[in-house]
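S.K.: Here it is, the structure in full.
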Ligand SMILES: CC(=O)N[C@H]1[C@@H](OP(=O)(O)OP(=O)(O)OC[C@H]2O[C@@H](n3ccc(=O)[nH]c3=O)[C@H](O)[C@@H]2O)O[C@H](CO)[C@@H](O)[C@@H]1O
Ligand SMILES: C=C(OP(=O)(O)O)C(=O)O
């Protein structure tokens, strides 16, 4: 398993080009299954999760290829509607092929994703919404087996999500796009990645109203065509590199990104004393001196995203004063805390609440990355700490940060990957 060796004490400075968003690329790849003619997707990041989904889609017989940051797909060769456990277990977002396969081909068999380090993450809302559209769903031997009604097509319905779910909303709008009749969805997720998916579906010929709101109406169409589309910039990758500027009293300009996607995060940066300047496709963050403590609650978009919680907590570790963080989305998303404590952070966790008392500095220590964003939080801590930090199990970071060492080196970070 690969490790990172990071020599700390660097004040980062420079520019970083932001990649397409992992969390948009995955549903957009799944949506390709819906198209009767070829689709071309640009700005697709080269990541382990993207490779997994491409492999899973190729396993159905669909012709799909990734060249650089472009993926092309032709569904005319499909001969299977099956997503195996071996791939699904490595990436929960694999469940996103369920809605498209079922809506287009009337059947699907997809392994049930398990829980993961950050929480149990059930998919009951995905299944309930598809059932409301007339699907017959059984769960047997760890697989979700889904069939459309006898007509072969799902039916429009009225469905209210019990919880705001990004993946649940995505699976449902993809299915509804090809259903017979109109689907009314309430309590939808409004994340930019859901909006990106809806926009691509519209480009493919779907009829969707209420994009970016909690209430969406989808009038099903008989078929969807291919299109050419470009993945939205990664707001979490953007936020992570900008947070590194705050962590080290440095300055970072994130390019090829969009400030409008991440207002709640930029507002927190400003509350912490950073100078934030934005342009049409860039954001600059400059931090003079020590950040100020801040209070954070993670909630669905447009509030503060759970995927930035670990990174901001790490900045709070060296901030002046006491910060309070409340994680409302996932029940176990504080796995980075014991590792940050090993580096000298003063954090107390009680249930969903973490109280972080800022310290003057962090120290290098051997640590273990437990999940994707926890990995980035440890990288940030290591860059700011005095001494050499070894971070184990960095395969997590490869799921979600494209060319991470190159980008960090471009900002002055001293980082080495040790492959064993
Ligand atoms: C690939 C992708 O886009 N991943 C993102 C997506 O994950 P994902 O789509 O899995 O997250 P959800 O929005 O579905 O989960 C939000 C909450 O709803 C619960 N829930 C979800 C579905 C369901 O059927 N039943 C249920 O109870 C989950 O356990 C969780 O507590 O949104 C999360 C929340 O912004 C992000 O952290 C992830 O990075
Ligand atoms: C939790 C995340 O991803 P996933 O839903 O793919 O596990 C994330 O991107 O932070």
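Our numbering is plain: 1 for the first residue shown, then up by one each step along the chain.
Backbone N, Cα and C atoms are what each Cβ position is placed from, and that goes for glycine too.
Annotation comment: TrEMBL describes 116 as active site, proton donor. The phosphoenolpyruvate binding site annotation in TrEMBL covers 22, 23. If you look up TrEMBL, you'll see 92, 121, 122, 123, 124, 125, 307, 329 marked as UDP-N-acetyl-alpha-D-glucosamine binding site. As annotated by TrEMBL, domain 'Enolpyruvate transferase' applies to 7-408. According to TrEMBL, the feature 2-(S-cysteinyl)pyruvic acid O-phosphothioketal maps to 116.
Could you tell me the structural context for the features on the list?
M.R.: Long-range Cβ contacts of residue 116 (active site, proton donor) within its own chain (separation 6+, distance under 8 Å): 92, 371.
With a 10 A radius on its CB, residue 23 (phosphoenolpyruvate binding site) counts 25 other CB atoms from all the protein chains.
Non-local neighbourhood of residue 307 (UDP-N-acetyl-alpha-D-glucosamine binding site): 23, 236, 373, each in the same chain, at least six residues away, with C-beta under 8 Å from its C-beta.
Reduced to three states, the DSSP call for residue 116 (active site, proton donor) is strand.
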S.K.: Just going by other Cβ atoms within 10 Å, which of the binding-site residues 22, 122, 329 has the emptiest spot?
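M.R.: With the binding-site residues 22, 122, 329, fewest surrounding Cβ atoms within 10 Å: 122.
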S.K.: Across the record's UDP-N-acetyl-alpha-D-glucosamine-binding residues 92, 121, 122, 123, 124, 125, 307, 329, the largest CA-CA distance in angstrom?
M.R.: 22
S.K.: State the Cα to Cα distance, in Å, between residue 122 (UDP-N-acetyl-alpha-D-glucosamine binding site) and residue 22 (phosphoenolpyruvate binding site), rounded to an integer.
M.R.: 21
S.K.: Is any of 123, 124, 307 (binding-site residues) within Cβ reach of ligand 2, i.e. under 6 A, and which?
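M.R.: The binding-site residues passing the 6 Å Cβ test are 307.
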